[in-house]
Amino acid sequence: MDIKSALARIVGHLDLSTEEMRDVMRQIMTGQCSEAQIGAFLMGMRMKSESIDEIVGAVSVMRELADKVELKSLDGVVDIVGTGGDGANIFNVSTASAFVLAAAGCTVAKHGNRAVSGKSGSADLLEAAGIYLNLTPTQVARCIDSLGIGFMFAQSHHSAMKHAAGPRRELGLRTLFNMLGPLTNPAGVKHQVVGVFAQALCRPLAEVLQRLGSKHVLVVHSKDGLDEFSLAAPTFVAELKNDEITEYWVEPEDLGMKSQSLHGLAVDNPQASLELIRDALGRRKTENGQKAAEMIVLNAGAALYAADHAMTLAQGVELAHDVLHTGLAWEKLQELGAFTAVFKVENEA
């Protein structure tokens, strides 16, 4: 199916099949469509609402065209990632949590990008921390094999996305592509915590990941609007495990945590996020640092469970708490900075 035929279908509020969506996405991602066609397609899909078949088709093409990171094994390899777009401008919880996971002995293949709507994306934060981002897939794999953690900078692995960049920027609205980032990890992880910008997406994206072969995934959105587990409100979870999807609400108290406001956790820039994380993973000298630590524990705990490193969510949170208080997570971040500095010298020689 070509994009003109797809547009005619979408205008009539009719869904595309998975194979038809694959055809259209290949045309978009290989530069065969005009910017006007891409913009119209993205807006039409948004107004119609993307079906599970369509998202599966789009994700499969993005995965197919990605510059992949080849790991020795995917057993228990985990990613913790959000769509962004929640408007809260909270510090980089998922990225901080990734270092707690690595310090706990998990293997982490973290996928992320620069901020689109927020103040600090995962790439912005890591750059502020002195971590070199422009790695080859082989170099990322070496980070993961050696340290138990590596960062895949989305724009380095999904170069075909450049064809949609102009229309996305000019539209300035959330589109299908906002959903695709967390679903297109270049290492092909089967274990994830995926935060989304709307509760209505939790079940559908869990179904998409089920269709694409994921093993244990939590797709989450909190009642106060975050694309992660919140300290201040219940969080809705669609969990894929043993090829079945269950849906439930989780309150901080269910996991041995105390509910509290998120006041003091918003940041204006990557440096502010880094300073808060440094305090949270270190000596927690400030009230905000202590609160940030608890937010990290909550989300890292969920990812330990998704990685099957813990038997239950509550056990994952308990383990994350113990690991965070060792100070090893901050050491892991510094190790990644030193390790990638060597690659920077190699790449720029």
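We count from 1, first residue shown onward.
In case you wondered, yes, glycine gets a Cβ from its N, Cα and C as well.
Taken from Swiss-Prot as is:
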type: BINDING; residues: Gly82, Asn113; note: anthranilate 1 binding site
type: BINDING; residues: Gly82, 85-86, 92-95, 110-118, Ser122; note: 5-phospho-alpha-D-ribose 1-diphosphate binding site
type: BINDING; residues: Ser94, Glu228; note: Mg(2+) 1 binding site
type: BINDING; residues: Arg168; note: anthranilate 2 binding site
type: BINDING; residues: Asp227, Glu228; note: Mg(2+) 2 binding site
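Following the DSSP three-state reduction, the secondary structure of Thr95 (5-phospho-alpha-D-ribose 1-diphosphate binding site) is helix. The C-beta environment of Thr95 (5-phospho-alpha-D-ribose 1-diphosphate binding site), restricted to residues of the same chain at least 6 apart in sequence and closer than 8 Å, consists of Lys110, Gly112, Ser122, Leu125, Leu126, Ile277. Residue with the densest Cβ environment among the binding-site residues Asn92, Ser94, Asn113: Asn92, by other Cβ atoms within 10 Å.
In sequence order, Gly82, Ile90, Val93, Ser94, Val193, Gly195, Val220, Ser222, Thr235, Asn299 are the residues near Glu228 (Mg(2+) 1 binding site), counting only same-chain partners six or more apart with C-beta under 8 A.
Take the CB of the residue listed as 'anthranilate 2 binding site' and look out to 10 A: across all protein chains shown you find 20 other CB atoms. The C-beta environment of Ala115 (5-phospho-alpha-D-ribose 1-diphosphate binding site), restricted to residues of the same chain at least 6 apart in sequence and closer than 8 Å, consists of Gly84, Gly121, Asp124.
Cα of Asn113 (anthranilate 1 binding site) to Cα of the residue listed as 'anthranilate 2 binding site': a distance of 15 Å.
The 10 Å shell around the Cβ of Gly112 (5-phospho-alpha-D-ribose 1-diphosphate binding site) contains 28 further Cβ atoms across the protein chains shown. According to DSSP, the residue listed as 'anthranilate 2 binding site' sits within a helical segment. Across the structure, Asn92 (5-phospho-alpha-D-ribose 1-diphosphate binding site) and Arg168 (anthranilate 2 binding site) are spaced 23 Å apart at their Cα atoms. Put simply, the residue listed as 'anthranilate 2 binding site' is 21 Å from Asp227 (Mg(2+) 2 binding site) when counted between their Cα atoms.
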